[in-house]
Structures are given as C-alpha cells and as structure tokens.
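Enquirer: One structure coming up, written as structure tokens, with questions to follow.
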Amino acid sequence: MPHAPAKRQKREEYKNALHEDESNAALPKKKFYRQRAHANPFSDHSLTYPKSPADMDWASLYPAYAVVKREQKSAGEEESTPLDEEEQRRLKAITKNVEIADIGCGFGGLLFALAPKFPDTLMLEYVQEKVRALRLQNASIQLYQNASCLRANTMKFLPNFFSKAQLSKIFLCFPDPHFKQRKHKARIVSYTLNSEYAYVLRPGGVVYTITDVKDLHEWMVGHFEKHPSFERCEKEFEEEGEAMDEGVGIMRTETEEGKKVSRNGGMKYVACFRRVEDPEWP
C-alpha cells in the first residue's frame, strides 16, 4: 500500500499547480508554505543582491510601473541582441521609486492594508504568491500593483536596494526580541543599523516600531533617541485617538502578530521616530 505523500511533496505539488495556472486568483494557503518567524541574519543565505540600487530589477516586482514593458519584446529578440549596461538598467527600471519598506514582513498583513490607503506609493514586503493573487482579483481597478516583496538580509544589504533619502516610511513590526544578551547583536535596531535607516530615509520620514516585549521596546527607544539623525514623534502621533497617524493605526491592527497579541490580551508598545534634517557643513 503506497505511503501518503510527504509534506514537502504536497507543498511542491501545490506551488507547481499555482505556477502552471497563471489565471488562478485564489489566495495561497499558508499550510503549504514554510514560513519561519525569524531568520538568522548572520547566515550566508543563497540570495542574489544588486550591486547598487541602479542595478535592482524593480520592474519584475512592479510590472505595472515598468519603464519598458517586457512583453513588448519577444524572447528571441532578447537572446539574439546583447544589451549594453544602460539598456539592461532600463529594462529593470520603474517609473517611480519605492517609498515604504516593511522590514520583516511576515505574511504581509501590514503591506496589504497599507496598499489601498497609499495607492500611488510603491511598497516592499508566503507573500509573493498573495501579491499575484490579489492583483488578479483586482485587475479591473489595478489594485495592489504598488505592493511587492523580496527576501533579503536588511542588516547587510539595505543600501544595495535603496538610494539616499529614497524612503518615506520604514516599518519594524514585532521584530525578533533575541532575549539572550549574546544575541542582542542580531536585533534589527542598533546604533549602526540606525545610521543605515537614516541614510535611506528622507528628512521628515518616519521609522515605525511596534512590539509586545517591553525590554525590546525600551532597547529600540534608547538606540533611536541616542542617534542624532532621529527624534521621537509626538505622543499624539503614536497613541490611539483622532490625531494618531494612519500608519500607526494600521500597524497596530493589521499585522498577523498584532492580531495575535490582541486575541491574547497582550500589550503593544509603539514608538515612532522622525528623520531630522542633516546639519549644514561648516
């Protein structure tokens, strides 16, 4: 009597079926995806990174915003005609820059809630298949064309993707607390990393943080407040009420981890930090 297919085989069969039927607009099922809550930032994962933001293939993530529509070229043309570096960059380019980054996006709940609220803003965050499905479901109104995701090590390669002062918002939602002191170096907030966030964030842009771990909250607040490029946002900006920022409201309620904390009656600690103008050179 044959054995039942292994979980891995079931996952592969499910994913292959999705890829074969490009018109299938059903949302992907989480049970067929291995989603680790956290990844080791010090491991050398088999990932490809652009040499610089100019070499990043944004057109494949946001085809609706591509400078050159790839379907206009046949595969034969691309293979028979070698492209110079400038032409290759044009094929990868999009008509506007990504402005919102959710670092550590989980299942993408935050980004999918933000996308309709900021329809003209490109955002980056199991999720890529969900992006494809939502685009198909909303093809008539072109919704979710502004949302996408990629897997990358932010702690090592953030400036490879984003140029100076490109982003307007960075979200750090329920990051790994790394409780042990010897693991604190792996936390997504540190004085060194804050300098990288300051580099890619435009003056007036905001870093949003939320966690259910008070110790981590105090750590993030302490490190951002010590950094000369950031200042704490007003309490009204962070706290629930009429003056609360729209991004804070979505961050509190729309992430999967945030929903779980609400179900369990846990605390949510929010802190937001605004990028200040750089001082003039003497």
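Sequential numbering from 1, following the chain as shown.
For all residues, glycine too, the Cβ spot is worked out from N, Cα and C.
Features from Swiss-Prot:
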- Asp176: active site (ACT_SITE)
- Gly104, Asn153, Thr154, Cys173, Thr255, Glu256, Glu257: S-adenosyl-L-methionine binding site (BINDING)
- 10-22: compositional bias 'Basic and acidic residues' (COMPBIAS)
- 1-29: region 'Disordered' (REGION)
Enquirer: Could you state the whole-number distance in Å separating the C-alpha atoms of Asn153 (S-adenosyl-L-methionine binding site) and Asp176 (active site)?
Expert: 14
Enquirer: Can you name the binding-site residues among Gly104, Thr154, Thr255, Glu257 whose CA is within 10 A of the CA of the residue listed as 'active site'?
Expert: Gly104
Enquirer: Which residues in the same chain, at least 6 apart in sequence, have a Cβ under 8 Å from the Cβ of Glu257 (S-adenosyl-L-methionine binding site)?
Expert: Gly106, Cys173, Phe174, Asp212
Enquirer: Using Cβ-Cβ distances, find the residues under 8 Å from Thr255 (S-adenosyl-L-methionine binding site) that belong to the same chain and are at least 6 apart in sequence, listing them in sequence order.
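Expert: Long-range Cβ contacts: Gly106, Gly109, Leu110, Cys173, Phe174, Ile210.
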